[in-house]
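S.K.: Structure provided below as structure tokens; questions to follow.
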Amino acid sequence: MSKKPVRVAVTGAAGQIGYALLFRIASGEMLGKDQPVILQLLELPIEKALEALRGVMMELEDCAFPLLAGMEAHSDPMTAFKDTDYALLVGARPRGPGMERADLLAANAQIFTAQGKALNAVASRDVKVLVVGNPANTNAYIAMKSAPDLKPGNFTAMLRLDHNRAASQIAAKTGKPVSAIKKLAVWGNHSPTMYADYRFATIDGASVKDTINDQAWNKDVFLPTVGKRGAAIIAARGVSSAASAANAAIDHMRDWALGTHGEWVTMGVPSNGEYGIPKDVMFGFPVTCENGEYKIVEGLPIDEFSQACIDKTLAELIGERDAVQDLL
Ligand SMILES: NC(=O)C1=CN([C@@H]2O[C@H](COP(=O)(O)OP(=O)(O)OC[C@H]3O[C@@H](n4cnc5c(N)ncnc54)[C@H](O)[C@@H]3O)[C@@H](O)[C@H]2O)C=CC1
Ligand SMILES: O=C([O-])CC(=O)C(=O)O
């Protein structure tokens, strides 16, 4: 018997990540090749954005995806999030000329407060929310705090692109395939302060740290390369990463929904005090997923270098949290 369709809301649906994301969701790459989906697409209530969205929906229609059970365009989160089972919050206010970081945080606080409230009011009580729009961790924190009737654990931020970037750099360095890499972790904020940590990672069963055996490469090449990859892509392409970001969003949601079979992945999730991270800070942690739930990998030893990296990315997140506190 065919499965009942699930509702997937995507914001910023007419943007560049949306264009790389929606077709893959509709083809079953996110929730499985047997799971019909209804897309509930949100764009800004402006003619240009809604017209662009109309075009994307025509293209989705023209793919004749067997799993696409329905499609709706919205300009109000209160209708876009109605009964939604999954919400991918991609649309955000980009930094404009002359805009300070505080202005960016304030503009996004407004968007994610409204979207958090709408999810709180109308989404499925088990909705799985992934925030992609930057600053992703703090936007996810804001949405979570604006949705007091939903469990904090329903809200996550995307660190998976950083995780995938780290895996590819390690594969290139060691000459092994990415698929052979296990137990990689990225701690903290989706920003250049994130700490990609391969101390526990294995490649074909061997320790990545021992195989590479080069702390200078870790500190001076690997961490800056992964941390500044977003900027390097903007410099090369003129616009920010889109297909790789959409791919990471698919990976994140698929693993959360369908499980990781014991493998570690990285998700930005609200802390419950693990590793000394204050409660509710939306922090990148290694997790495993099973039965639609994620679980933080606990009890890993943190050495002095790693603690300093974690402290730095945490300090940045606390600064962002404090900057938006009065807006919540
Ligand atoms: N977490 C991560 O790893 C990554 C995050 N990003 C972030 O993802 C976001 C989207 O990137 P792109 O698709 O390239 O941007 P884009 O500018 O191409 O598209 C964004 C879309 O969102 C819409 N939008 C803006 N505010 C909205 C709102 N309040 N409600 C609904 N729609 C809204 C815009 O009209 C636009 O169509 C950006 O904030 C970007 O920085 C990008 C790459 C990686
Ligand atoms: O850096 C940016 O603006 C886009 C982004 O988040 C990334 O590519 O990691």
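Cβ atoms are placed via backbone N, Cα and C, with glycine included.
Curation does not apply to TrEMBL; its annotations are automatic.
Okay, these came from TrEMBL:
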- 6-150: domain 'Lactate/malate dehydrogenase N-terminal' (DOMAIN)
- GLY12, ALA13, ALA14, GLY15, GLN16, ILE17, GLY18, ASN108, GLN115, VAL132, GLY133, ASN134: NAD(+) binding site (BINDING)
- ARG95, ARG101, ASN134, ARG165: substrate binding site (BINDING)
- 160-320: domain 'Lactate/malate dehydrogenase C-terminal' (DOMAIN)
- HIS190: active site, proton acceptor (ACT_SITE)
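So where do these features actually land, and what's packed around them?
M.R.: When DSSP labels each residue, the domain 'Lactate/malate dehydrogenase N-terminal' (6-150) comes out as 64 helix, 27 strand, 54 coil, counted as helix, strand and coil in that order.
Cβ contacts within 10 Å of ARG95 (substrate binding site), excluding its own Cβ and spanning all protein chains shown: 15.
A mean pLDDT of 97 is what the model gives for the domain 'Lactate/malate dehydrogenase C-terminal' (160-320).
Under DSSP, HIS190 (active site, proton acceptor) is assigned to coil, being neither helix nor strand in the three-state scheme.
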S.K.: Please report the Cα separation of GLN16 (NAD(+) binding site) and ARG165 (substrate binding site) in Å, rounded to an integer.
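M.R.: Approximately 19 Å lies between the Cα of GLN16 (NAD(+) binding site) and that of ARG165 (substrate binding site).
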S.K.: Sorry to bug you, but what's the C-alpha spacing from ASN134 (substrate binding site) to ALA14 (NAD(+) binding site), rounded to the closest Å?
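M.R.: Just about 17 Å between their Cα atoms.
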S.K.: Do you know which of the binding-site residues GLN16, GLN115, ASN134 has the most other C-beta atoms within 10 angstroms of its C-beta?
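M.R.: Answer by Cβ density within 10 Å: GLN115.
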S.K.: Hey, what's the Cβ neighbour count for GLY18 (NAD(+) binding site) at 10 Å?
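M.R.: A count of 25.
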S.K.: Select, from GLY12, ALA14, GLN16, GLY18, ASN134, each of the binding-site residues with a Cβ positioned under 6 A from at least one atom of ligand 2; if none does, say none.
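M.R.: Among GLY12, ALA14, GLN16, GLY18, ASN134, near ligand 2: ASN134.
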